[in-house]
Amino acid sequence: QRKNITEVTEFIFLGFSIFGKHQITLFVAFLTIYILTLAGDIVIVAIIRVDHHLRTPMYFFLSMLASSEAVYTLVIVPRMLFSLILHNQPISWEGCATPMFFFVTLAVNSGLLLTAMGYDRYVAICNPLRYTVIVSKGTCAGLVCGSFGTGLVMAVLHVAAMFHLPFWGTVVDHFFCDVYPVTKLSCTDFTINEMINYGVSSSVILVPVGLIFITYILILSTSLKIPSTRGWKKAFATCTSRLTVVIVHYGCASVIYLKPKSENSIEKDLLSVTYTIITPLLSPVVYSLRNREVRDALRRAVGKNTS
């Protein structure tokens, strides 16, 4: 038995096998969403890079978020699409650990970038006269590096704590190498791993959510003091749309990683799909396509290419 435990070197994902013949429909739907998300992120990064009107801290953070989410979906979605077509294809131990490392790194990074973007808007609206001093190039670089560095540390903690465990099974009840579904395959007591997972998840979910809500509450309170009705209505619409992305992103993450673990496979899959596929599609729409400056930059780029 010990020999069998130590020789587990690959995993198989159940994925969406419960949906049977509807997996082709899911494949088409997920592929469409993935293409739209990837195209949106690429357009955002390209247009911010080439248009000098968008070389501001806000769009710098936006380009970093788009880059992070493009790689984030690239780590998860292609393998998920592959499993919908070719069932029960095994993945090696290393092939599971590597995507998990990048998934944790980029998920934490994206969440902290949302926090940095909230801070940027807070300074711009609540302290506009000192905006260029407070949100300098050094501050922007520090926030971006801090977000990515925090993601790296959290990923190292997760992956190192998990993959020193011996595993008794190979079938993962999920569609990608997520932390808890793989941990459940361990043949030893993984209470310490659960404590690490819960501590890391709590810190990277609750702290950013608290900071984001504080900044947007301050933004709304300042906006209500604007004499122009049109001005505070615009600020209110901007805040609510951005908070929608934050609520969906962190709401699903909270249910998945902070609540007592549900054994309902369909519930877990739907929440994970929202967290890993739907939310990355919302970001380009909310932060870019609804933004007048980005739309104007796209028109200028299209006009320049057609002239």
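The backbone N, Cα and C atoms fix where each Cβ goes, and this holds for glycine too.
TrEMBL entries are annotated by machine, without manual review.
Note that this is a predicted model, so its numbers are computed, not measured.
Database features (TrEMBL):
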type	residues	note
DOMAIN	40-287	domain 'G-protein coupled receptors family 1 profile'
TRANSMEM	24-47	transmembrane segment
TRANSMEM	59-81	transmembrane segment
TRANSMEM	101-119	transmembrane segment
TRANSMEM	140-163	transmembrane segment
TRANSMEM	205-224	transmembrane segment
TRANSMEM	236-258	transmembrane segment
TRANSMEM	270-289	transmembrane segment
Practice task
Restricting attention to the domain 'G-protein coupled receptors family 1 profile' (40-287), give the mean pLDDT.
Solution key: 83
Exercise for the section: For the transmembrane segment (236-258) and the transmembrane segment (101-119), check the count of CB pairs under 8 Å (sequence separation 6 or more) and say whether it reaches 3 or more. Expected result: yes
Completion exercise
Ranked by Cβ pairs within a distance under 8 Å of the transmembrane segment (205-224), the first of 101-119, 140-163, 270-289 is 101-119
Problem - Whether the transmembrane segment (140-163) meets the transmembrane segment (270-289): three or more C-beta pairs under 8 angstroms - result: no
Completion exercise
Per the Cβ under 8 Å criterion, with at least 6 residues separating them from its ends, the transmembrane segment (270-289) contacts 30, 33-34, 36-37, 40-41, 43-44, 62, 65-66, 69, 72-73, 76-77, 117, 174-176, 178, 241-242, 244-245, 248-249, 252-253, 255-256, 295
